[in-house]
Every structure is written in C-alpha cells, then in structure tokens.
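A quick write-up on the structure given underneath.
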Amino acid sequence: MRIILLGAPGAGKGTQAQYISEAFGIPQISTGDMLRAAVKAATPLGLAAKKIMDEGGLVPDDLIISLVKERIAQPDCANGCLFDGFPRTLAQAEALRAGGIRIDHIIEMNVPDEEIIKRMSGRRVHLASGRTYHVTFNPPAVPDKDDLTGEPLVQRNDDCEETVRKRLKAYHELTEPLVGYYRNLSMNGSADAPKYSRIAGIGTVEQIKDEIIATLNG
C-alpha cells in the first residue's frame, strides 16, 4: 500500500507516520532522505541533483519523480511505502500521477489552525537534555523550569506564534490545494484514483492512530 499523509505543520503527522510505518511494515520515504542517499551513492540522478544544489538551485520536479521511481523499486518498498512531506505542491502531485506512480490512499489529518498554534506555541524545551514540556498539556512542576535540573526552559524560534502562523500561511497557499486535488480525484471514480480519507487530528495520539489504522484497513 502506498500512502500519502497530508496535514499542516503541527498536525501530528510525524508521530502518526511512525505508527503507520510499523503497522504495515512499510518504509517512510522523504525527498530529503532520497536526495542525500542518491548523492552519497553517486548515482547519475544523485550527481545531477548535487550539481543543481551546489549551484544553489531547487531540484526540479521531474528529477524528484525519477528519484521516487528509483526508490520505490527497491526491495523494502515491495509492500508499499509512506510518503513523508511529498508531494508538497500541486505540480508535484500532478507530476507523480503523470509519472505513473500509483498511490493507494491519501490520509488528511485535519486540525484547525488555532489548535495547532496552541500546540506549538506552548512547547518549552530544556536545551541541554532535549526534555520537552507544554505549558497546557505537559507543564513542568515549576513554571519555565526543568523538572530534573531546575534550569530554565526555552521556547524555540520555530515554536513562536509568529513563526507558526507564517508556516501555516505557507501550508495553506502551497500544500492545501493538494487536499482538493486528491479529494476530487477520489470522487471522480477513475480507476487509478487513490482513496481519500479525512481524519480529525484532535484527541489522544492513540485514538488518532486507531482511527487511521482502521481507515487504512477498511
């Protein structure tokens, strides 16, 4: 089964992707990992991508699609794969389909923006240990202090509300059109159209996991 997991940053895709990968015995595939592996292995595609990146350019979609084809032909993808952070744009989704790469199921994790802002802007981190807290969901015993050392907790720049809002804006402009694209594709009934399922990404991690796994098994 080949799966694409869609959702805004902070929707919980990373956590659920691990569960899906384990449940179905399929690898997570990210374009970043693919590019690094191809460059390291010095494959023709990897060398072409490296030349573009070394010149400060963006790797074009046709090269990314070729890398995807190369990757999914490997033995660990025999039972499928889970695409992680790809496709990001409508052009990539269309190129994926034009390239004859069949996708079986699209899962959209739907979480309102204000919930994502609350989740992300409430995170606090103890830098030395990496211990993570949340001011609402997992607060430290003493506000803004690490439970074990008493040292100060910090809010990472990525978690500041202004940054989160910018990332959500970019998601809505670039990636959200994929939701409509795949939903319409699913509804038009063409033979190669993937199934499309929207999951509410609110609830416990276990509840969301169970719903996603049941949906994929359905």
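Glycine residues also receive a Cβ, built from the backbone N, Cα and C atoms like all the rest.
Mapped onto three states, the DSSP output places Gly10 (ATP binding site) in coil. The ATP binding site annotation in Swiss-Prot covers Gly10, Ala11, Gly12, Lys13, Gly14, Thr15, Arg123, Thr132, Tyr133, Gly203 and rests on sequence analysis.
Same-chain residues lying 6 or more positions outside the region 'NMP' (30-59) and placing a CB less than 8 Å from one of its CB atoms are 66-68, 70-71, 83-86. As annotated by Swiss-Prot, region 'NMP' applies to 30-59, with the evidence given as sequence analysis.
Among the features that Swiss-Prot reports, AMP binding site is placed at Thr31, Arg36, Gly57, Leu58, Val59, Gly85, Phe86, Pro87, Arg88, Gln92, Arg156, Arg167, with the record citing sequence analysis. Counting Cβ atoms from all protein chains shown, Thr31 (AMP binding site) has 19 others lying within 10 Å of its own Cβ.
Under the heading region 'LID', Swiss-Prot lists 122-159, citing sequence analysis as support.
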Thr31 (AMP binding site) - helix vs strand vs coil (DSSP): helix
C-beta crowding around Gly14 (ATP binding site), within 10 angstroms: 14
Nearest of the binding-site residues (Gly10, Gly14, Tyr133) to Phe86 (AMP binding site) - Cα to Cα: Gly14
Secondary-structure category, per DSSP, in which Phe86 (AMP binding site) falls: coil
Fewest other C-beta atoms within 10 angstroms, as judged across Gly10, Gly57, which are the binding-site residues: Gly57
